[in-house]
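Input: a single structure, listed below in structure tokens.
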């Protein structure tokens, strides 16, 4: 871990025409600020009221530009972040004191941009200056509003709102927000676009102290990960920068907040109070418990407050006499923050792939050193590579001969061979156990009476009775499963066979056991060019469906319509859509109409096969029920005649055993047919999707063809030719107009040459313009939707 260091605290004074020079004075070193209050005469002669305060800070920024603020406060924190150190920059102060201006700045003016956009700019500039490292940048934007977590970038189309609420989760790596979207940014303009997108989603309100008051705490986080391109070292560094814009504390008597704004102010003051309690606890080194979990703000900033990061606090204050009490409160907070210490350290992680490669190189080097050592010690050639199959087979042979007694001892060469000898002993022992078990199973079928799972499965198959008695021929020790010899049956057993009802006929059994076969071939459907005759074999299902996927894909279909030059004259009155649709299916839409018919015929064929399979399943089910009744009758008859057991084993006769085998065979057929039915249902669902897709495509192409042929003026057909920027159906027919040069295109070409700030401002303004265009478009769409509803 790194050495402990104190938090840096700076004060920025908001410029004002009514500055209290008599009450606020700055030190000569520009690192201290003194506050003087006049005594209240109304309290009498004996007045112990404190009138003077002095605060020692790391810097006082009075009438400072945005450039100077960033150079003083944030530049070192951002530069160290690329070396693997975490950083946090926090703006704290009274409402309207300039926190958001310090952190974000005025997005309308490039010169007045704040710490956050300047930090993004510095990050990407430093990445360009480090070509030896591959650095990835990701960003996230979190808002804490009324003790609830919100993702300010959830309005992006590829993110969307979260179904589950976001939560704060702790793990050994630190604290992170579960459900917060993190976005990869490969260039500066993308990062600015995300920043402006989040800024437009922030919650603001107006009161007497501030016209645009932030009503929530916001945390913009920059995540960085740096890999070396030149070194093969498996280590790489990660870091993150938290840029925190806190909501301002406010006195309700001065702000005049009411209703929703009053509720927001209550939550803001409460969370800031908990933040100050956590800071006081961190400054007291005797405290063991730090109350981070009192509110969402302190919990989310647990890593930043006294953790593994470089921490900087910017306290924004008023310079007016009327706000002196709030100014004193903010300065006290800054002085308490200076007592907090952090322990920044480089966040190093290891790349598993590179570690493997480095270990392989080290392994080769160690083998070479061992070979040199063996040659100097006059040892025989010793191989340290893993043994191949031939060497393992030789060791296996030696172990077998050693166990048989034909080999007295096994020569030992190296440690790897010793390990392999013990391994082969285990292999030989396992093989012998398997051979003994296989020999027993060839003669007997053994089931342990303590294996309740197996007994339950056999009971369900109808092979044993409810008492758990197994069937078979007794041999004195174990038992076997099979047909009991007639010599072991009692004499009265043969008479009972005459009373058993005849089982179902063999013809019905064969019918139920037959494999599923598809029905008749499909009816031949005449089309303009080709015909589809699906195969009756199940093996052709995949081929037919794969061909359906190809022919019914969303790619444009070949058109059979004549060329534009040979198109007949347009009628003065457009024909009815019903008549035009029939012509469309025979001409331009003939191909997709053919595919539609083919898919529909395949769907009907699958439905027919599914119906036949269902009928076969019903037949098998009825036969299973009949067989079960016969088997139950046979068992009940046996119980009436008495049980014949030998050492806990029941012997069944041949007829009952045949019924058991028949029931087992019927169940197997039932499962096979049911699986076929499930496959057919899946195919039917897919074919139905293809038919719906083709129907939708056919109607959509017809609308485009109808508008192109009978509605759109002929002088506009030039813009609809292949290769043009307009495709039929993209623009409503009533809104088709000629396209000229856009003013925005002219501005994009002009801004690169006349921007007063130079080329560095292009990314900033481009991102700003794109964000404004997007939100203007969304507002227009919402307005149109509301107009249509009215």
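Quick reminder: no glycine exception, Cβ is built from N, Cα and C everywhere.
Caution: TrEMBL annotation is automatic and unverified by curators.
Just so it is clear, the model here is predicted, and its values are computed rather than measured.
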Tell me which of 349-376, 377-404, 405-432 corresponds to the coiled coil entry in TrEMBL. 349-376
Which residues of the same chain, at least 6 positions away in sequence, have a Cβ lying under 8 Å from the Cβ of residue 100 (ATP binding site)? 91, 114, 212, 214, 245
Can you tell which of 93, 96, 98 has the most other C-beta atoms within 10 Å, given these are the binding-site residues? 93
Taking all residues of the domain 'Kinesin motor' (6-340) together, what is their mean pLDDT? 85
Just counting, how many other CB atoms are there within 10 A of the CB of residue 95 (ATP binding site)? 23
For residue 99 (ATP binding site), the same-chain residues 6+ apart in sequence with C-beta under 8 angstroms from its C-beta are 91, 92, 93, 214, 245, 246, 248, 314, 316
Tally every other Cβ atom lying within 10 Å of the Cβ atom of residue 97 (ATP binding site). 27
